[in-house]
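Take a look at the structure below.
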């Protein structure tokens, strides 16, 4: 019996790696169970200030967009295509910020930088989904303004309820497809010993750099899907506002020109900030760019833009101000 066992072990020596170097290689090729997020590179004595700053920005984003949803829900005068798209954009901005900012605040406050492998992939999936959805919704809003200003007599016919629902559902379907495609391609990759992400969230590009597998297919999908979800909507927005600008300049009223240009200029400033940061980080990587500059650019479209959208798209709007005054007057009357 002893002879048989020794022969079995002799027949399959590779099953039991006794060489330390061979054992280390096997361990390095195994997938990691968690990642480490380094967060924002700030000095320890400044942690409290930045924590309070980003917490205030996050609360402003959530409360401001919740206020938009409440006003649109309660005021029947806001039940039109423009505010239908705006309500979906507000909900998207809340969830978009909630995907990354709470974890960033936890890292700053508790120094707990670990995130499970499944949690990291989930964060990446929802981040791509909501970023693409945000892009498509901003594009539909630009198209809505184009129809309202350039074709006012056909506005109710073109922007019917069925068309608005179709545009939103189409945005969801394409965004989900892009996010699912990126996530499935990411899940097939292997990650070696290095599990440190020099970012404040599980960024897709940062994860690809950590992989020890071939990422050429992932890079190709990032480029092609990025053209569909980011560059194409950005071009559509510029074309829409170009037609709007040409139409406005043909209007003889100077007051109408100033008002329309002010509104379009505010919208375009947020669009430029949002798309400019994304394009700079993912599509135009410079050899001189540092990780700190990429983090600052990412903060622009993950934290700053969702916070500014309530002010740019609604709180400067006369109808939204009227709805807010109406809500406050009801509250005051009921309290008395």
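Using N, Cα and C of the backbone, Cβ positions are placed for all residues, glycine too.
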TrEMBL annotation (transmembrane segment) - matching range among 190-210, 295-315: 295-315
TrEMBL annotation (transmembrane segment) - matching range among 84-105, 106-127: 84-105
Interface check, the transmembrane segment (49-72) with the transmembrane segment (295-315), three or more C-beta pairs under 8 A: yes
Non-local residues, at least 6 beyond the ends, that sit with Cβ under 8 Å of the transmembrane segment (158-182): 81, 84-85, 88, 124-126, 128-130, 132-133, 136-137, 140, 143-144, 147-148, 151, 204, 218, 221-222, 225, 228-229
